[in-house]
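Here's what TrEMBL has on this protein:
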type    : residues                          : note
DOMAIN  : A:31-142                          : domain 'PurM-like N-terminal'
BINDING : A:33, A:78, A:214                 : Mg(2+) 3 binding site
BINDING : A:33, A:47, A:78                  : Mg(2+) 4 binding site
BINDING : A:48, A:49, A:126                 : Mg(2+) 1 binding site
BINDING : A:49, A:78                        : Mg(2+) 2 binding site
BINDING : A:56, A:260, A:302                : substrate binding site
BINDING : A:108, A:125, A:126, A:152, A:216 : ATP binding site
DOMAIN  : A:156-255                         : domain 'PurM-like C-terminal'
BINDING : A:217                             : Mg(2+) 5 binding site
């Protein structure tokens, strides 16, 4: 087995960058001190996340390709959640030197494929040795196309609250893996490979969204960020929350508090016409916080320091 | 002592972002799914680096403020090495939950102050719990001001090779710390807080530089990257290499192979007029590799997987 340590830093970088297709937004890709990426509207959207082994992924539960998909998806979703089109990803990888080169290659295949799905390219990065855990730092860039960003702070009393994409699947899949099961496969796969509906950003814009974000920490917690940033209250109607039977008996909990699906939540003026892919499950009101059927919901979301 | 775990993810983020001044290039700073940064020339320069505790810094040798300076400086220098002006930094921080909040605050003070020195702002990031080691992921963005990037691939036979900034100081300082000493203070401080001369980018452009990079892994190794990318050989004249007496008996080694000072190396047409802050120490020729007085130099540079 060929290991990363045997290959050395520059050998590994060469092996990895070879696997990365470069899209039209890339003016200068990997290999120099920095990349150069098109930012046609004179601004760039930028966001960064860290994924730490044991906390955000486990090598016995997810393969390297899955982890690449997930690492890319959660950052690309953050760009889309601003109402922007993803253009580029930069990857920092800290990895034990006894890891197989193929593991890193499959990770990069996942990163590259998810980028392609979102219209972006992996344009650069850094690889360093680590003692035990793998850490993946992902930065995503995007372009707003001359339009204002869709922030969390634009929700107004009277607005509709709606969601787009699978919610609760990843948490349900994680629970299965934690109990040693891998069926239903759809849930386990949803945990391994989130599928953010990237078209949600343009759909939300077209329907006049007043606020948009991706659901990464849990629906109620993330709606709480919109409520807080907008200075409003959000009222969820429990009977309007879609809970697929597949999610099992804890389905409602998974939908309301499960993170990592990278679906999208948005608020819209009350006369907005939403595509059928969006589900309205509440209203914006005056006040603060998030209520379900008029009361605070019991279970909390996901806090990386307390979980 | 207040710890990061006690404060929780969102409490910590709030404490840290409060310390970050936002410059004129920041259209939307920390707090949403992503930041929005001006990219006036329709492109953005982007680079990322990981710093892993025990490998790139030690908490017993450097304080958090030092580490912040260093983490920012090495990425800002990469932007300047493209001939661009730094605009923004994004920080990913994986940190054990039993770390004092003040440690993280001082780290961010260092990041913010070095950003200010280079004309940039910390616009966003992520904090996550880690089991033992601190990992800092830094992404830097920059603007080229409508000019082409200064890459590593433009060196031509006949060009002059010149450097700008302290070289060898950081390696000498590291050697002192490793042997339990902290004098001369200038060397130890140079290791703790590199001082890239950010004005070198504009100086190099004004003098017609054909290639530019920052010296991060060791002068000879980094010149090797220019030689390789440009398809040329670089000849260094040993008697033209400035070796300050302060560096001691291993001075030449430190200058030629020591990394992490983040000085700048460039090639210029042979009739270029260089500011006195630049030192010419060699020539570009046909061929490949880097020679010192016509021969390969013995000691190697810095490979993060092999060192």
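Every residue gets a Cβ built from N, Cα and C, even glycine.
Features as recorded by TrEMBL, highlighted on the structure.
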{"residue": "A:33", "record": "Mg(2+) 3 binding site", "DSSP class": "coil"}
{"residue": "A:49", "record": "Mg(2+) 1 binding site", "DSSP class": "strand"}
{"residue": "A:78", "record": "Mg(2+) 3 binding site", "DSSP class": "helix"}
{"residue": "A:125", "record": "ATP binding site", "DSSP class": "strand"}
{"residue": "A:152", "record": "ATP binding site", "DSSP class": "coil"}
{"residue": "A:214", "record": "Mg(2+) 3 binding site", "DSSP class": "strand"}
{"residue": "A:260", "record": "substrate binding site", "DSSP class": "coil"}
Go through the binding-site residues A:33, A:126, A:260 one by one and keep only those whose Cβ is less than 8 Å from a Cβ of chain B; report them in sequence order, or 'none'.
A:33, A:126
For residue A:56 (substrate binding site), the three-state class that DSSP assigns:
coil
Predicted model, mean pLDDT over the domain 'PurM-like N-terminal' (A:31-142):
96
I need the CA-to-CA distance for residue A:217 (Mg(2+) 5 binding site) versus residue A:152 (ATP binding site), whole Å please.
15
Select the closest residue to residue A:125 (ATP binding site) from the following binding-site residues, measuring between CA atoms: A:33, A:56, A:260.
A:33
Cα proximity to residue A:33 (Mg(2+) 3 binding site), best match among binding-site residues A:49, A:126, A:152, A:260:
A:126
Of A:47, A:56, A:108, A:126, which is closest to residue A:78 (Mg(2+) 3 binding site) if I measure between C-alpha atoms? They're all binding-site residues.
A:47
Take the Cβ of residue A:260 (substrate binding site) and count every other Cβ within 10 Å, whichever protein chain it belongs to.
22
Residue A:49 (Mg(2+) 1 binding site), number of other Cβ atoms within 10 Å:
21
Name the one residue among A:47, A:49, A:108, A:126, A:152 whose Cα is closest in three-dimensional space to that of residue A:260 (substrate binding site); these are the binding-site residues.
A:49
Out of A:47, A:56, A:214, A:216, which of these binding-site residues is nearest residue A:126 (Mg(2+) 1 binding site) by C-alpha distance?
A:47
Take the C-alpha atoms of residue A:56 (substrate binding site) and residue A:47 (Mg(2+) 4 binding site) and report the distance between them in angstrom, rounded.
18
Which residues does residue A:48 (Mg(2+) 1 binding site) neighbour through Cβ under 8 Å, counting only same-chain ones at least six apart?
A:75, A:137, A:138, A:139, A:140
Long-range same-chain neighbours of residue A:216 (ATP binding site), Cβ under 8 Å, sequence gap at least 6?
A:74, A:77, A:78, A:222, A:259, A:260, A:262
